[in-house]
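Positions annotated as compositional bias 'Pro residues' by Swiss-Prot: 12-23. Marked as compositional bias 'Basic and acidic residues' by Swiss-Prot: 114-126. Under the heading domain 'KRAB', Swiss-Prot lists 37-108. What Swiss-Prot lists as region 'Disordered' is 1-32, 99-150. According to Swiss-Prot, the feature zinc finger maps to 181-203, 209-231, 237-259, 265-287.
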Amino acid sequence: MTDPSLGLTVPMAPPLAPLPPRDPNGAGSEWRKPGAVSFADVAVYFSREEWGCLRPAQRALYRDVMRETYGHLGALGVGGSKPALISWVEEKAELWDPAAQDPEVAKCPTEADPDSRNKEEERQREGTGALEKPDPVAAGSPGLKAPQAPFAGLEQLSKARRRSRPRFFAHPPVPRADQRHGCYVCGKSFAWRSTLVEHIYSHRGEKPFHCADCGKGFGHASSLSKHRAIHRGERPHRCPECGRAFMRRTALTSHLRVHTGEKPYRCPQCGRCFGLKTGMAKHQWVHRPGGEGRRGRRPGGLSVTLTPVRGDLDPPVGFQLYPEIFQECG
């Protein structure tokens with residue numbers, strides 16, 4: 001549609017708001033069944049001038065909001081024929097084209113020239129003053145609605161739509177340093193109170209998380225979750241070299257040293273290196289007083305009398321499996 005006064009092409013405006021129903025008895029006031037709600041009560045209608053000032057993105061938002069509102073009313077059981085506004089939205093597909101004319105580029109009627117803009121501002125001020133005065137017709141008819149600003153209804157609907165939208169990607173903010181939870185035993189601080197509670201269990205020796213299969217207790221829920229994988233037989237960590245699978249990542253890390261030949265654990269007494277920390281711990285038994293007598297032989301192969309280890313402690317498990325690591329280092 002072309003506006004001859006401005007020489008602009010104004011998009012076809014949506015239909016106007018329907019007139020309120022009349023009382024069958026002939027009364028002039030608005031009549032409606034008690035509790036009845038119609039689409040016209042919640043819809044937003046624009047005049048031709050107001051519609052021409054909307055950007056293509058705003059018109060698309062208006063279309064989505066109106067269709068969503070109509071769908072909500074249908075879900076609530078509000079019947080009746082399809083409103084003219086919804087039919088117009090579905091028919092006028094060319095209005096939602098992103099390449100549609102932008103009113104800012106073509107100058108909105110309120111921005112055509114300074115004189116017209118000043119006149120429009122005066123009319124808006126006069127209209128605002130008229131809205132502030134009580135209207136006798138509106139005062140006598142509480143059901144009638146006062147006219148609203150062109151974009152007020154659309155902004156309210158868009159805000160309500162954003163509030164009702166589920167926030168799937170919302171993450172809780174990380175507390176600041178002054179809001180962290182500190183342990184009263186060791187002073188260590190944690191971001192979340194639940195983590196602090198589990199940490200306090202380690203000081204008290206409590207193990208409130210028990211396995212339902214074997215009854216073993218754990219101080220942390222994560223430890224119980226890893227333990228349950230043992231009963232399920234899960235081995236998610238697989239070696240890329242040989243394909244062997246492990247239940248824990250730490251076990252896979254230790255196994256990879258077999259392929260790489262890395263030996264990060266060094267004996268502080270003799271400097272011998274080991275790939276496993278347990279291997280170094282077993283090796284250190286040979287440096288204890290009387291440790292060489294456990295096997296009954298010295299490194300040179302000479303037979304000696306067995307000598308008890310200090311404290312009558314037994315060597316660790318695997319002593320007889322790895323005898324070479326318990327020999328005295330030269």
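Each residue, glycine too, has its Cβ placed from N, Cα and C.
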For the zinc finger (265-287), the mean pLDDT of the predicted model: 87
Summary of DSSP states over the zinc finger (237-259), given as helix, strand and coil counts: 11 helix, 4 strand, 8 coil
Secondary structure tally of the zinc finger (209-231) (DSSP, helix then strand then coil): 11 helix, 4 strand, 8 coil
